[in-house]
Amino acid sequence: MLKRFFLLLSSLLLVCNVQAGLFNNKPQYLTAAEAFIFSSSQQDGQLQLHWQIADGYYLYQKEIQLSAQNATLGDVTFPTAEKYQDEFFGEVAIFRDQLKLPVKLTDLKENPSLKIRYQGCTKGFCYPPETVVIPLNPSLQGNNSANSAALPSTIATPNAPQTELAENLSNNYLSIFGFLLLGIGLAFTPCVLPMLPLLSAIVIGHKNRPNTSRALLLSFTYVQGMALTYTLLGLTVAAIGLPFQVALQSPAVLISLAVLFTLLAASMFGLFEIRLPNTWQQKLNALSQQQQGGAVGNVFIMGIIAGLVASPCTSAPLSGALLYVAQSGNLLIGGLALYLLALGMGLPLILITVFGNQILPKSGEWLFKVKTAFGFVMLALPIFLISRILPSHYEPFLWSTLALAFLGWLISSLNYSTMLKQAVRILLFIAFGLTAYPWANLVWQTTSNTAQPTTPHLAMEKITSLTELEQKLTAYQGKKVMLDLYADWCVACKEFEKYTFTDPQVQQQLATMAVLQIDMTKNSAENTALMKHFNVLGLPTILFFDENGHEMTNVRITGFLTANQFLAWLNRL
């Protein structure tokens, strides 16, 4: 059974790696988004569409089609096009290098938008049509406030992953089932992995272990609580915006959850037992014929808490579903996409828990050791939560302390009678020494006159408002600009700061542009104005602006990227 469990787990990881490899394969031709870089700006009462066309590629004039929703589209005048003998369509009018297209719109009503369809080719290869939907700024009706319309407000672009997912949902509802597969891939990310010890402790870590069918029911119930909460929170964020997400990540909420998980871990150590009131307990026992640890209601509630913990993590699939809800207002399809995404995130948890329930022994002293081990693992959740609000330099000490406590318990609790077990003990002592590195390094730094050189953090100009951003974009005319939207409670934002922005090659690449950062932690009025202007649905979000101060919407980043991934992204600018 153990062999089958590891075979299944290896297969899941292999599928994820194969998927990643497939997406990383570089095609012979540029992607459509790379060949035809689209951007738009709304200013001076007019909408400007712009395509930067790669060398050797071209756009068909006849395939550029515009349609307005809740607005009236004026006559569109194209610049002079080049006549070209196309091997597919005969003589056609095309555009090379770049195309700037002014568009006049009037009679803008509630939630106006413009849909743009275009198609291009290169020698020997033709692309399918691309579609972009742009939310329109009411200032296009004649409000000449330069400040209110000087910046683009669109995020829907052909090659932004979240936008492609949103468009796929709009064009084909069957693509919704792809979110289930995307969720499985997200299950192995830092936002979801902390859910495993909580579920495993509930199903495996109590006295009378359930049978396989009962373990499946409990784990499925847990995932349902997590998925439904994740879905409802996602729809709420799409409807209300970032303020709701900020509220969930406030210090009071995070500290409360951390205290709860610490108490649960203490109960796993046998310090006390968590029991419901007797009347509730009797009813739950009658329904489930299990002790309190296995009650379905309890497990569902813990799943809800897990959904709260996982909710702030922004990824391209999550952003795509939220973007679809925000643009279409279709709560049913958007909610189902969010549910399938969360369900996919929970499937590996179900499999690991059910197989672990079968593999681990169900009685004897080993059971108490397993329960204590899960208590240590559960203590990782408070650290995961508290690290969002503590300065980053405290986090290594928290993890080191937990690892030292766990290894110390493991060394003292195992029986070392054979030569093999003695070797294991030596390895554990070595691991104990390695995990003490943050504390040893702290002592060394306080007693040594020479500190080890560290990689400097990326220098960023701090801004606080949309008005200040406009001023900076004007000041940096002729230079590309990057804007990082950061919050203390955003885990992936801290990962960018720690792992990506400290990379020397990343810093060298960013040295050619102006790098700005705005702190969204407090969700001030200035934060809200900027967020609404750019239609930001979650963090982390990184925006890029060209030399003229227009956002390059096709390269907007949502979700964490490693240094290598970020460098590849920058090469597309």
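Cβ coordinates are placed from backbone N, Cα and C, and glycine is handled just like the others.
Quick look at what Swiss-Prot lists:
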SIGNAL    1-20  signal peptide
TOPO_DOM  21-175  topological domain 'Periplasmic'
DISULFID  C121-C126  disulfide bond
TRANSMEM  176-196  transmembrane segment
DISULFID  C191-C313  disulfide bond
TOPO_DOM  197-227  topological domain 'Cytoplasmic'
TRANSMEM  228-248  transmembrane segment
TRANSMEM  252-272  transmembrane segment
TOPO_DOM  273-292  topological domain 'Cytoplasmic'
TRANSMEM  293-313  transmembrane segment
TOPO_DOM  314-331  topological domain 'Periplasmic'
TRANSMEM  332-352  transmembrane segment
TOPO_DOM  353-365  topological domain 'Cytoplasmic'
TRANSMEM  366-386  transmembrane segment
TOPO_DOM  387-393  topological domain 'Periplasmic'
TRANSMEM  394-414  transmembrane segment
TOPO_DOM  415-425  topological domain 'Cytoplasmic'
TRANSMEM  426-446  transmembrane segment
DOMAIN    440-573  domain 'Thioredoxin'
TOPO_DOM  447-573  topological domain 'Periplasmic'
DISULFID  C490-C493  disulfide bond
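Residue with the densest Cβ environment among the disulfide-bonded residues C121, C490: C490, by other Cβ atoms within 10 Å. A strand conformation is recorded for C121 (disulfide bond) in the three-state DSSP classification.
Of the recorded residues, C490 (disulfide bond) and C121 (disulfide bond) place their C-alpha atoms 41 Å from one another. Computed over the topological domain 'Periplasmic' (314-331), the whole-number mean pLDDT of the model equals 54.
For the topological domain 'Periplasmic' (447-573), the number of residues in each DSSP class (helix H, G, I; strand E, B; coil) is 49 helix, 23 strand, 55 coil.
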